[in-house]
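**Student:** The transmembrane segment annotation in TrEMBL covers B:30-47, B:59-77, B:108-130, B:137-155, B:190-211, B:241-259, B:271-288, B:321-340.
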Ligand SMILES: Nc1ncnc2c1ncn2[C@@H]1O[C@H](COP(=O)(O)OP(=O)(O)OP(=O)(O)O)[C@@H](O)[C@H]1O
Ligand SMILES: [Mg+2]
């Protein structure tokens, strides 16, 4: 796997180090005040904090007593098998679902997010695993869906189409995607291209916290590298990042903190310095000697081989 | 990092401008425009009087009475829902207006105003019931369709004792209201009904909303991917309720036209028209599953209806064949749209 950094990443440590210091203002559009973000980062209050959070779907316990902290300038990785509850956790942070028990704090204040809109307004942007795209709509309309910029006022208030198109093209170029046509229905893009659009969108709107649910799953080696660089860049800009992945190699490259989920419950919580890549891989594979093979099989055909779950 | 960005940007000069032909072929209304041209040519050849100014005015009038409803129905379909109550809602709107004015011997504008509020309330009822229960719109609006059909007949019989309302032609404000909803303007030898202007206005506003406003973006999104739209913060419920209010607004205009054109309203009218509106929208390129379509297409679909219904008369064919032609045209247009869309996707 070609990766931007060595496994023991000095940049990651540097990123973690500058957490308590004065954080540079994020380069992305600032909705609710960078000053507040910088201040909370400086005073050590985490951007997000989940304590003992549970979520039930009817009688299905999807999440049980999970705790997690997201700080500015740090990457928190969430790892776990299929069905472990990773996406459920992400949906609570994104405002799509409400938690049933436990405490969810944003900037130290207890919150229950009522809608994805509210999460976005707090500067939390999410890349969903199913990408949340409308296949028949053009790329540029999907990119800004729900947060469309407008010009003019009163009845003449209209979409700023020129800005929407040029921003979409420019943001995708930065992700390494050269799109033939931003007017293409997004359903006609390849899976990896769609994923890149979703990530570019979240990077564009994620002012303080960037949440990524398996962003590298459908990507080629080069694009996965671009995504990990974006994650590192967002971290260096002082954003808090939550990265869900099946891939311990990716996690270990950028992660400052690793949260392991198993059947909806916490199975481990480690800081980057405390755990080696081998140990992380072993824990993810349930300690089996087949860790390496299991990992390869999982990447070859994602849902199949985990027959023990 | 920035060096990478630049090199990528530099090598991306392959971005070709979209060819005008491909832009045209990917428009949803293309099929309906081709169909309209074909129908026009057929009647221009077989019906001697079809090309006279008076005949074209009649055709446009017939098209406008359907088009005023087909446009908001198309928007609703793009938003992924149906309204089976749209046809009888027109009659309800006319009946409310007429009865309020007549029974309270009020100025007709009072009836017109009350009717607007009441019709919008019916649309709101449909929209709220749909978004609260999550039931399919087919079921919910089938319910309102049946209820309104019954209410129209029942109330009219109860109040006026017959199946039609009393004439309101001699009441205060009638001439002005008639000028707004049921008059015609003469430009040279060409008489144009005011409903045609309402129709054109609705198409213009609907197209503006669809293509150039946030609400339009949301309409496409709630129809094409409701869960995705919700996940990125689109107000799905509000958008759908707004679309039902749009249909109700169209029903109000149509209903007032019905009333002020004929002075009386037949309480059993309107049943079955909802399917004609839907057919016009489908001929115009709207997908039944939502997320795709255009207001202009729906207007062209209505024009095809107008041309066929009047063209058959001008050609002195038996008008009983009308519905058969409509059905055949609906199928042909849908197949044509499907074929064009496949081609458009293949050329990408
Ligand atoms: N809407 C829902 N209704 C009922 N059960 C659900 C729902 N969403 C998720 N679940 C269940 O909750 C559990 C956790 O699901 P989740 O999607 O969070 O897993 P995950 O860790 O993201 O898995 P994957 O790696 O496959 O994406 C699963 O057993 C799933 O079946
Ligand atoms: Mg998941």
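In case you wondered, yes, glycine gets a Cβ from its N, Cα and C as well.
All TrEMBL annotations are machine predictions without curation.
What you are looking at is a predicted structure, and each value in this text was computed from that prediction instead of being measured.
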**Student:** Check the transmembrane segment (B:321-340) against the transmembrane segment (B:59-77) for contact, please; criterion is three or more CB pairs under 8 Å, pairs 6 or more apart in sequence.
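**Tutor:** No; fewer than 3 Cβ pairs under 8 Å.
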**Student:** Does the chain bring the transmembrane segment (B:271-288) near the transmembrane segment (B:190-211), so that three or more CB pairs sit under 8 Å (pairs 6 or more apart in sequence)?
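**Tutor:** Contact between the transmembrane segment (B:190-211) and the transmembrane segment (B:271-288): absent, because fewer than 3 Cβ pairs are under 8 Å.
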**Student:** Any residues 6+ beyond the ends of the transmembrane segment (B:190-211) with a Cβ under 8 Å from its own?
**Tutor:** 53-54, 56-57, 60-61, 63-65, 67-68, 71-72, 74-75, 78, 179-184, 219-220, 246, 250, 253, 257, 294-296, 299, 302
**Student:** Using a Cβ cut-off under 8 Å, which residues of the same chain at least 6 positions beyond either end of the transmembrane segment (B:137-155) come close to it?
**Tutor:** 81-89, 91-92, 95, 99, 122, 125-126, 129-130, 163, 267-268, 270-271, 274
